[in-house]
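Record features (Swiss-Prot):
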{"type": "DOMAIN", "residues": "19-261", "note": "domain 'tr-type G'"}
{"type": "BINDING", "residues": "28-35, 94-98, 148-151", "note": "GTP binding site"}
{"type": "MOD_RES", "residues": "His603", "note": "diphthamide"}
Amino acid sequence: MQKYKKVIDHLQELMRDPRNIRNIGIIAHVDHGKTTLSDNLLSAAGMISDKMAGEMRALDYHEIEQQRGITIKAANISLYYQRDGKEFAINLVDTPGHIDFTGHVTRSLRVIDGAIVVVDSVEEVMVQTETVTRQALEERVRPLLFINKIDRLIKELKLTPQEIQQKILRIIRDFNGLIEAYGEPEFREKWKVKWDNDSVAFGSALHGWGLTNSIAAKKGIRFSDIVDIYNEDPEGLALRRDIPVHEALLDMVALHVPDPIEAQSYRVERLWRDKQDEELFNALKNCDPNGPLIMGVNAVRIDPHAGIVVTGRVFSGTLREGEDVYLINAKKKQKIQQTSIYMGPYRMRMDEIPAGNIAAVLGLTSASSGETVVADAIKDRVISGFEAIRYVTEPVVTVSVEAKNPQDLPKLIDTLRKLTLQDPNLVMIHNQETGEILLKGTGELHLEISLYEVRKAGLEFDVSEPTVVYRESVRGTSDVVLAKSPNKLNRIWVTASPLNDEVVALIREGRVNERMDSRTLAKVLREEGKMDTEDARNVWTIDEENYNLFINRTVGVQRLDEVREILRQGFMWVMKEGPLAGEPVMGVAIRLVNAMIHEDPAHRGPAQLTPAVRKAIFGAMLSANPVLLEPIYEIQVSTPPELIGSVISLISQKRGKVVGIEERGRISIVKGFIPVRETLGGFSNEMRSMTSGRAFWQTKFSHWEPLPKSLMEQVALEIRRRKGMKEELPKAEEYMDTL
């Protein structure tokens, strides 16, 4: 640790000038070697010993991360590096590779400017490699490539130097294929990786060595030399000594990752919504430490001693202890109590943190991931702040959680709330009437690890078997449906119809929201969403969570503005619990076509109008060919070629479909789609049994799909039974009134 302590003060000095800073992340498919690579960088920085690098997992500071050997949360570290006489302060973010934790990856990408994408040379480019690279490109983060586990090609697969070179060239080609597919035109060509310009390195994180073209030329090393060294020494100790991996990686970073000033000049265009205020926009684009304070929050963590620790990037201005700030999303004024930089699990206090740095802040107790923090003095100039962080996964698996001791219930709810604050892909629903607590996550492992956190708090509870989250939608357009309020003095007429894919995509991607002015909103919906002009002009409410619209198509209705908020709340209630099975509604347009509102406010309050709206929408949806949508995973199985038949057979048995098979030397990759419902419970055991444990697979959320008719009624009744609802499917007529 001595060597490390010496550079702390110097690092802090370097961080005062953004030109010295490089903000980077290491991203990859699960088990391709990110954390082992990070440990090598820590070793070079003097944080851990060389011998421990590769096995210490220093950035995995969760106990369960150490046990499972996977990274769950994103941890931060700052490194000192010198190249050609120039000094760098390199802020490194380690991110998870397991698909269930991509929410943490997405948030990490917001604060970094370059990403080292790690690819296992045996497995090559996999489903998660594609996911994280696409996410990086969407956030305008420059990708670099490290091809890992070359030792396995030599020792296990016994490939010749020529075969290894062919494999590396194929990985580079496939990786550049991702940049071609997902990169923006202005970055596509210049961000493609090339061996010639040192934007690609290969090596072995486990054995601590790495090579770029320049290092190979400088040290006169050829492929055949590496093979010879492994033949003499299976641990490749000479390679660790002569070509340490940290030099290859940090050389790549120093050469190709932009400093925050350069990066923000093109990233802020994509990340910042409010472009009208030129002074703010320019301060952000220029990464101006003297500009107004603007910070983007990417993570919230609960520290057992310090409480809520907010991590984010200072895009403009300087963070100072004691300063009053305003949280744009939470609409709250708060005071910064302490400012620090991260060193793995430790925070090193810095009284001032200028633009371009990643900071840890105490005092922002109302912040959540995606929050925009600004100096209190400029709060009225910021309309909506940073673009919403878009997550590629959705919470599609749910469990019911019940405290064994009723006295523990408040503590259980509080602990789960804190977890959801830290993890945006985790959703808790507490039914006040029944006392039931539901926890939704992206997969079984995600929920298992989240509940492990709760057990660590000393709470005992029972957990149900995992079930799938469904969505309700409609396939047709209803006739106009009338519903009266309970006192019969108010009338609501509505229709229901499906939204087109373009509009759903606009809502999902955050390109339309209620914070936009009505003229801009209508223009985007009409031009990009191909929406009817009158509908686009009259959107009352956007359900950003489930992608639905409430549209006012009434003409000349008296007192409508006075009850608008009540009608809106009724709409949002139904969108959370649809008519078929009380599941969230997705992709539906509800049009209010007429209304009769009583003149006396006492007769038109929420107790009268909310049930009327709910009843009308239920009737309309049930008469518009209602459907249940089920979540579908994309599945990718890595298997020996002789087991392809078994893998295809199992996927087919589970209502899945295979869409492609790719040969990669001695392994084959089977790609397909499979309903999430079919992967719960025994799927892992069945796959292991049919392939004798020789197949490896990963799933990621892909899309929603209507349940087959043969299954829909059965599943709807199952859900209704589980929720204690009436065990028969509702009929539209039950919710329709007549004049």
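Heads up, the Cβ atoms here are built off N, Cα and C, so glycines get one too.
Locations of recorded Swiss-Prot features on the structure.
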residue: Ala28; record: GTP binding site; DSSP class: strand
residue: Ile150; record: GTP binding site; DSSP class: helix
residue: His603; record: diphthamide; DSSP class: helix
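Its Cβ placed at the centre, Ala28 (GTP binding site) has 28 other Cβ atoms within 10 Å. Confidence annotation: the domain 'tr-type G' (19-261) carries a mean pLDDT of 80 in the model. Counting every protein chain shown, 28 other Cβ atoms lie within 10 Å of the Cβ of Ile150 (GTP binding site). When the alpha carbons of the residue listed as 'diphthamide' and Ile150 (GTP binding site) are compared, the span between them is 75 angstrom.
Its own atom aside, the Cβ of the residue listed as 'diphthamide' has 16 Cβ atoms within 10 angstroms in the protein chains shown.
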